[in-house]
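Visitor: Sharing a structure here in structure tokens format.
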Amino acid sequence: MSRAQPTSGSGQYRRLIRLVLRRHWLMLGAWLGGLLLLVVITAPAYETTYPELSQRTFMVESLRANTATTLLYGPLPDPGRLGQLLVWETGTYVLVLGALMGILLAVALVRRPEDEGTLELIRSTGTAPWVPAAAALTVLIGQCLTLGGGAGLILWVQAQRIAELTESGAMAFGLLVSAVSLVFALIAVVCCQLAADARTARSWALIVLAAAFLARAVPDATATLDASHRAPVTVLHWISPLGWAQVVAPYTDDQMGPFLAFGAAAVVLLGAGLGLSARREYRSGLLARTRGSSARMRVRSPLAFALRRGVGSWVGWTVAVVGLAALFAGMSSGILELIEGSDATAQIVQQMLGEGSVTSMFFRMTAMFGGILRAIYAVGTVLRVRADEREGLLDVELTTGRRRWEPLVAALLTAAVGSLVMLLLAGGVTALVAQGQLGDEAALDETLGYLVLQWPAALCLAGLATVMVAGLPRLSWLMWALVTVSATLAWLGGLLDPPQWLMDLVVFEHVPDLSVGEPEFWPLGVLAGIGVAGLLVAVPLMRRRDLSRA
Amino acid sequence: MTSKPSTPSAEHAGTERLGTEHPVEVRGLTKRFGSFTAVEDFDLTVQAGTVHGFLGPNGAGKSTTMRVLLGLYRPSSGTVRVLGHDPATHPAEATRGISSVPGDVSLWPNLTGRQALDVLAGLRGRYSHRREAELIERFALDTTKKVRSYSTGNRQKVMLVAAFAAEAPLLLLDEPTAGLDPLMEIEFGRCVREAVGQGRTVLLSSHLLAEVEELCTEVTIIRDGRLVESGHLEQMRHLAASSVTASVPAARAEELSARLAERGLRLARPDDGLSAPSTAPAPSAEGQGEVRLRGSVDREQVTGVLGLLAESGAQDITCTPASLEELFLRHYEVGAR
């Protein structure tokens, strides 16, 4: 009888890496492919639309004058070369999404296997605790470095062809993307050690991301710009990883020194994550409450239950949306300079857009941003039903004697009501703050209107999600792809200049300009109609199918 | 302590229609998933007020059938009536009268046990909170903890408490004691008997044969998605097979085996690998004394076999109806071949 040698630690490590890749290749590939695609198309798109630097002057000036864009992207540095535009616009988007990728992946790789019980399975095969942790971290770190490396490589290749792009800028941007996504991933790893379960850890990491965004946006929007239209780099820019874009300033300064500090931050976070993980019990968090609770939950219908379960996430999203609305509105006085100013830029903008349209543009953009967040909330609320189905929770709910469609319709109603209340709150805050900032320039009905008019978009997506859950449950995750593409086009569409038919499909793009004579409302009617039709289609579909955990 | 059986509001729960005799009636049920047939032409009748055992090897189609009864799967063909309703078209009406405990209990991880019970009670409506309090006590369930921190057994207890506290005339229990400790198993048995005492009907799927033997009056056996046997447990035992043991002089053992083989039968020595456990200790050495033989014999063959044994000078002949375990293994093993 031959006795098999026990697999060595490094052999186990390699096998587990293969296992992690096998389980998550789709998620890893989708993030990488999607974000790198954005990087690939940006510079050529800019080049086609504005081949000469001089042609960009007006656009650059108007973007600069819009405080909403400054809040979202930071100040656009002079003179607005392709690389600077790319880092400013697409770069911001890639950094935020890269951070999101890092967080979601970290939770999925580091903590979720523990909650699911698959880690226990691996540990019980005689694998040392460090091996699965090392495998997960290797894939996580590898993914972040690959994202940055890929972005840098793409831009380096494009620099060979496009004269305005530089090789050093490509390198700085690539490193920046790696550093930012990696640091957020490691922050999420630390959260995974502190929180009671994967979902809580994810929420905490997302709160850190939101705080990092604020820490960059507020000093940028309130700063006095210097002669070359740059906001001073503050301590907050160093603290917030999203502010590192201004510290490094790819294609402007290409500072490489700060990467030493960023690398050190990553090492400290990694050490903290490992140190904390050694101190906590399996399947619990260092900050998790273990005390029992005798709280009750008296609900009498699936709707009441859905509303009650959704309160936590609703509060989180509402804080984000209302906070953002307040932030934008608070910065709205910036556009007064455009309207009342007398310098050359102001005059051009006034001539081109007319006074009313400047405020209109500002508030529509603000509302669209809030609209995207609300749509994510609404779709997530509806897709929760599919998650419940997979976890067997829908079975439990239905076999108390409930109709097939009740939980699904309850989720859709929760999403509809939740997003409506959310936008009314955001609208109220926007109107109040804007009134204080702009006085009579802020037409209350308009500011409120732009927010309320984003509701049909959320309804439409929630309705589509309902149909997917009822009719094509296994493909319902595609809703996230739809939301991502819609949000990306809505956010970057202005400069990428996609064909009109494509923009017409973007649900966020149908809010009319209320400052013109006769705004078109029918597209909103269509959107709301799709939402309601989704409900009507979903109910019979849901009654006709098997419930399955597959 | 058990309370007096609560008023049988469960019995006339308003979900039953005229003209239905049995709480569960399944005729010719077939359920396919793509090209895979999980259940084929399956019949099941559960009589009111009984505990009906539902047995079969892993993957035989028990849970699939249970899910059809609950309206979670739609049958590919066949008719299903649960409390007079077709669960495929009217799952809510059917399940309103059913308390069920699934084989793999999932509960909302971020609720406490207390909150999960509240939700289950609130969604159902007809529910005895007094009975719930008593059951929590009996199952020694700590309801202040989050479901996330519960073991499988504790999650199962939550579902059992909810199932027995609900005022539903039919209980569908899918391996409900798989994660329970022996004390809790006993408590579970009591609960089932109380439920039957209140006039409720129980369909119990289980692998614990002792449990089935103790609680069930009728059983249905399913294998590879098909009905193997169904009926009254006592009758099935007698009809199915008898277990025969005898001590045969070693010299005549060969001859006896040959004659048995003519009838297609075989009696084996307890230690030569047949799965039935021996009741007697191994006999004296071969060649000199006697050889103890043991085997399972079909009902209609018993007389002939006993005659052969007597002719061979066998002694200490015993003939007992098959235990459920033997019955069960016979059916299971055929499937494995």
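Note: Cβ is positioned from N, Cα and C throughout, glycine not excepted.
The shown structure was predicted, so the numbers you read here are calculated from the model rather than taken from an experiment.
Sharing the feature lines straight out of TrEMBL:
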TRANSMEM  A:25-46  transmembrane segment
TRANSMEM  A:91-110  transmembrane segment
TRANSMEM  A:130-157  transmembrane segment
TRANSMEM  A:169-191  transmembrane segment
TRANSMEM  A:203-219  transmembrane segment
TRANSMEM  A:259-278  transmembrane segment
TRANSMEM  A:306-329  transmembrane segment
TRANSMEM  A:362-387  transmembrane segment
TRANSMEM  A:408-433  transmembrane segment
TRANSMEM  A:453-470  transmembrane segment
TRANSMEM  A:477-496  transmembrane segment
TRANSMEM  A:521-542  transmembrane segment
Visitor: Six or more residues beyond either end and a Cβ under 8 Å away: which residues meet both conditions relative to the transmembrane segment (A:477-496)?
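Guide: Residues packing against the transmembrane segment (A:477-496) from afar: 34, 38, 41-42, 45-46, 49, 85, 89-90, 93, 368, 372, 375-376, 379, 383, 461, 464-465, 468, 502-503, 505-509.
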Visitor: Taking 3+ C-beta pairs under 8 angstroms (sequence gap of 6 or more) as contact, is the transmembrane segment (A:408-433) in contact with the transmembrane segment (A:130-157)?
Guide: no
Visitor: Between the transmembrane segment (A:169-191) and the transmembrane segment (A:362-387), are there three or more C-beta pairs closer than 8 Å, counting only pairs 6 or more apart along the chain?
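Guide: No, these stretches are not in contact.
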Visitor: So which residues does the transmembrane segment (A:203-219) touch in its own chain, when a touch means Cβ under 8 Å and the partner is 6 or more beyond its ends?
Guide: 71-72, 74, 96, 99-100, 103, 106-107, 184, 187-188, 191, 194-195, 231, 234, 236-237, 239-243, 246, 316, 320, 323, 327
Visitor: Can you tell me which recorded stretch out of A:91-110, A:259-278, A:306-329, A:453-470 has the most Cβ pairs within less than 8 Å of the transmembrane segment (A:25-46)?
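Guide: Answer is A:91-110, with the largest number of Cβ pairs below 8 Å.
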